[in-house]
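Q: Feature annotation from TrEMBL assigns Fe cation binding site to His365, Glu371, His401. Summarising the annotation, TrEMBL assigns homogentisate binding site to Trp380, His401. For 30-309, the entry in TrEMBL reads domain 'Homogentisate 1,2-dioxygenase N-terminal'. What TrEMBL records for 311-461 is domain 'Homogentisate 1,2-dioxygenase C-terminal'.
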Amino acid sequence: MISATTSPRPLEATAKCAYSTTPTAADPYAYQVGFGNRFATEAIPGVLPNARNTPQRCKYDLFSEQLNGTPFVSARASQLHAWFYRIRPSVAHRPMKKYRQRHDDLQACFSTSNDKAQFLPQDQSWDSFPLPNDSESVDFVEGIKTIGGHGDPVLKEGLAVHVYTANRSMDRTAFCNNDGDFLILPQQGRLDIQTESGHLMVQPGELAVIQAGIRFRVRLPDGPVRGYIQEIFGSHYELPELGPIGSNGMASPRDFEHPLASFEVDVDPSAPWTVICKLAGQLFEYEQDHTPFDVVAWHGNYVPYKYALEKFINSATVDKEQSDPSIYCVLMARSKVPGVALSEFLVFTPKWSVTSNTFRPPYYHRNVATELMGMIYGVWSGSATTLVPGGLTYEASFMPHGESYERWKDATTVDLQPQRINEDAMAFMFHISGHISLTDYALERTGVLHDLQPAFWDGFEGGFLNHLDQVSKDLAAAGQPQLVAGSSNTRAVKGINGHVPNGHGHH
């Protein structure tokens, strides 16, 4: 017989809203999380229209406006766009004109016909790029200087690498990059970035991505700043495939933080705003009598974001051998060549090195990719190049590089023990598939370019040549042709058919 007594209800709790981060003293903003999500956020409840994007009349007489980051006919999986509900539409501005200041250190076209940039095979390195003098007043846009790149934004293929330094916040000024997406890496000083989608506070050790077409401004809460930018043309950043790593590892999608809707109303509409646009590497500007940061609500997936690089999950060998540097990839961008990345952004954070019977330093390498490395903080463990926080190094495509002879001798004789490496340090690499053209600014005007050291590699010795007698014995024991005398200063292995192969080695 069923009891008439009512069973007690279980305890339960229900979330009142979706998850967002909690503000801190260093970062006063809250964020939505998840890479590639379609977000919806409103600064005033009830502003987002229901089941449509363009109602006949938006709430509070707001204007609906779409921003597309990909063509309309792109595959659904690659569609990037956002719908804004704003106080005034973006089209409400005065005519466009050339930017009032010259900016000769900003480059975008990297063909061989550009006499302000050149392709060089030898490696280069720069100390910390200098901050503006106290007598100068430089904002974020004015402080962007191009190191190099390849391709052209007009063709929507290629990229540029810049450094930035600044000591002044952008006051009633916004910037819109029509050429490509910015990946920004602060090295000194926080960047308080206000975008049409909301606020990002980006600290050294974090990255921010601001996509093409999104207006933003940068304020400097800590004073002078310095950092790095990789700009990609015609592509967008995405997470690399995980392959056999599985579902988890490297940069986790949930650790990418996106802004919440935030708007402002001008208290002094008589003071104009200036919006600077970059098109094909040239700067233009227009004025408007209202703030561009007046988006009350938005939804979509074409959204700026930030990521704390310390959250990267290292995956590396735990028994023997070395993994390729692609396991340190945080974000990548695809080129127009199927299966080939335009660039991979790699980060080197603290980890354990535990491999046995393995040469642990970076192996000697000739790479199809160009490698540009920078340092956020700490001391770089490499022995062949100088890399300091705020500086850069450059290795051209297919040019050999590796550790010094002294480092090789130490690494091949040391008693291998588990050890922490990169402790209290953070370095990164732009791993770029194409050749890079270096600008005149990078080669002539930084004031921090290192002189070449042509004798650095002269000390290498071919230890193999100390074992020729044993090599001959081992060849004989294996029934193989022995080493035979060649010319007066060479030896060669006698071929099976009695001929001496090409490529004699000196001894």
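Using N, Cα and C of the backbone, Cβ positions are placed for all residues, glycine too.
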Q: Using a 10 Å radius around its CB, how many other CB atoms surround Trp380 (homogentisate binding site)?
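A: Step by step: centre on the Cβ of Trp380 (homogentisate binding site), count other Cβ atoms within 10 Å, giving 20.
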Q: Determine, for the Fe cation site, the additional residues of the same chain whose CB lies within 8 Å of the mean position of the CB atoms of His365, Glu371, His401; present them in sequence order.
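A: So the extra residues in range turn out to be Pro362, Arg366, Asn367, Glu395, Met399, Pro400, Gly402.
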Q: Whole-number answer please: how many Å between the C-alpha atoms of Trp380 (homogentisate binding site) and His401 (Fe cation binding site)?
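A: One finds 16 Å between the Cα atoms of these residues.
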Q: Within 10 Å of each Cβ, count the other Cβ atoms and name the one among the binding-site residues His365, His401 with the highest count.
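A: Counting every other Cβ within 10 Å of each candidate, the maximum falls on His401.
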Q: List every residue in the same chain as Glu371 (Fe cation binding site), at least 6 positions away in sequence, whose Cβ is under 8 Å from its Cβ.
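A: Within the chain, Glu371 (Fe cation binding site) has Cβ neighbours under 8 Å at Thr393, Tyr394, Glu395, His401, Met429, Phe430, His431, Ile432.
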Q: Looking only at the domain 'Homogentisate 1,2-dioxygenase C-terminal' (311-461), what is the model's average confidence as pLDDT?
A: 93
